[in-house]
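Marked as transit peptide by Swiss-Prot: 1-47. Look at Swiss-Prot and you will find 309-339 tagged as repeat 'PPR 9'. Among the features that Swiss-Prot reports, repeat 'PPR 11' is placed at 375-401. If you look up Swiss-Prot, you'll see 472-502 marked as repeat 'PPR 14'. Look at Swiss-Prot and you will find 503-537 tagged as repeat 'PPR 15'. Feature annotation from Swiss-Prot assigns region 'Type E motif' to 609-684. If you look up Swiss-Prot, you'll see 685-715 marked as region 'Type E(+) motif'.
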Amino acid sequence: MVMRPISNKGLIYRHNICLRCNSTLAVSNHEPITQKTRNFLETTTTSTAIFQCNSQISKHARNGNLQEAEAIFRQMSNRSIVSWIAMISAYAENGKMSKAWQVFDEMPVRVTTSYNAMITAMIKNKCDLGKAYELFCDIPEKNAVSYATMITGFVRAGRFDEAEFLYAETPVKFRDSVASNVLLSGYLRAGKWNEAVRVFQGMAVKEVVSCSSMVHGYCKMGRIVDARSLFDRMTERNVITWTAMIDGYFKAGFFEDGFGLFLRMRQEGDVKVNSNTLAVMFKACRDFVRYREGSQIHGLVSRMPLEFDLFLGNSLMSMYSKLGYMGEAKAVFGVMKNKDSVSWNSLITGLVQRKQISEAYELFEKMPGKDMVSWTDMIKGFSGKGEISKCVELFGMMPEKDNITWTAMISAFVSNGYYEEALCWFHKMLQKEVCPNSYTFSSVLSATASLADLIEGLQIHGRVVKMNIVNDLSVQNSLVSMYCKCGNTNDAYKIFSCISEPNIVSYNTMISGYSYNGFGKKALKLFSMLESSGKEPNGVTFLALLSACVHVGYVDLGWKYFKSMKSSYNIEPGPDHYACMVDLLGRSGLLDDASNLISTMPCKPHSGVWGSLLSASKTHLRVDLAELAAKKLIELEPDSATPYVVLSQLYSIIGKNRDCDRIMNIKKSKRIKKDPGSSWIILKGEVHNFLAGDESQLNLEEIGFTLKMIRKEMELI
């Protein structure tokens, strides 16, 4: 020891933990320590030396600065047990397990905490559990932490049998609450509910940590009543308990109960809310679309002595973005001192979803460290605007691409009608050895369905089977749609019947497929199956049903379904439903009923409604209604040739040639041209598009021969 006078009131000892100031401080094979560390070692006094050195070792280790931590440790002439443990932990935190073992072996004296620290280090670094258990067995005097640490290792590795065995071997005085809580939490995380309940019920002492874990567990099991019963029986609750119960209500769909409990938590005031509680509240307000409550809680935050940290800011901004209040979202973003990729992406995603693409792109260009999410969001944004070239440009600029970005690009082509390009990009994706996911297959199956390309669809189906995702519901629904649109309802129904739990989309797709392929009776039969399943039909279901009634001419049944929409299912019929009914009545010759139905529509009839009436009026030679329908169509679609052509044809049929010429002259004077009909045919795996009267195709003779064969087959049906 070196004594140094400090004042005339006394002396203190300076701990001799460093070498001479003018010498180079080196640590075995390490670089010389920094001047900052040298200064620290020289100014440490005897009363605080070991404690401060231990703290500095831990601090440097957390920051990844092992060199400084080692320097302090090696230059300490006196070390406590905590010093050795701090150095073991420092190496373990930075993945240097061989060095940790070296320090452990060098320890002059090993106590229980030394063994516990080494076992903890091994578990954190996922070392051999067998060796960890051997070390555990070598502990002369095990304590509660020893047992809990080893049980933690078994639980994290999913070795619950060994965890249970060790728990049973744990002395009763060491079980509660540390070891019990470790096993309880492990079972809850693994979803082993019955085992968790057994451990909890077997605990002699149930303190706040174990009870809070069990409240959370009951909520995850869906046993909200049990969770609340335990919550109410607790004599002590912490913020974790309150937050778990509130979140449990929200996840079970009980917003009012969760919000009410939050208010009670605030009123009682014994436990203060924290960032996690508020994040749960903001998420619930977002998911339940409760802007008013969310903004009220935001107001509370500004009055709370609570740090507006990154986590809280992101939660609040996500709520505003998802609810569409972009002004508030931008305001929160503006006041956030720190921002991460979640912050930037949350605002960009919100702007994209609200079609504010220019503003989203401006923010995207400012974003530091753009990631997959931000790139993909912008591709989706420009896809929604129909700017496919910009999507391709962004895709090319991406430093890295994964299956999500490839899928976004393929979906962009599909949603904008570029089906062949979508398939081309899908094959490029496969060539790049990027593995498609279920969303990729749903998109490309949609493309093949739109092209009615059964051969390509079959190949994609085969790849789906090979990749073992044929049981994915979205893929199954896409396969049903593809086969239906390719005219193969038999295979479509085979896929449908293999769906273990079909949803309303599954039923709608199959019913619609039967309907537009002319199998109206099968569509109606499938609807009966839907009703028996207990699932609720929606507007799309009834559109397919009414279309089926049109194909089979079931007027009375069509009326029944149409009226039941409102009376039985509280679904308000839309313009498309009215158009189907007008078509059904018109084809059956009930044109006055069709006209009366249009006059009772609660919404403005669209072109589909008037088009159905015009077509039926021509068929049944009702000039008065045809003229009315044509007039309305011209008002809605002034550039469409359809009303002029159909009305002129009707005049020609009934011998009103002057009116026929008059209508066609009006059409010519307005320079309205009828778009030629377009068709496509697949020959030898290649799609050939052509217009009516088009003779520019190289395979004209082969196309003509194929069309004749199709016509002959149709005549045999």
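Cβ atoms are placed via backbone N, Cα and C, with glycine included.
Distant neighbours of the repeat 'PPR 9' (309-339): 275, 278-279, 282-283, 285-286, 289, 291, 294-295, 298, 301, 346-347, 349-351, 353-354, 356; these residues of the same chain sit at least 6 beyond its ends, with a Cβ under 8 Å from one of its Cβ atoms. Across the region 'Type E(+) motif' (685-715), the prediction's mean pLDDT works out to 67.
Residue counts of the repeat 'PPR 14' (472-502) by helix, strand and coil are 23 helix, 0 strand, 8 coil (DSSP-based).
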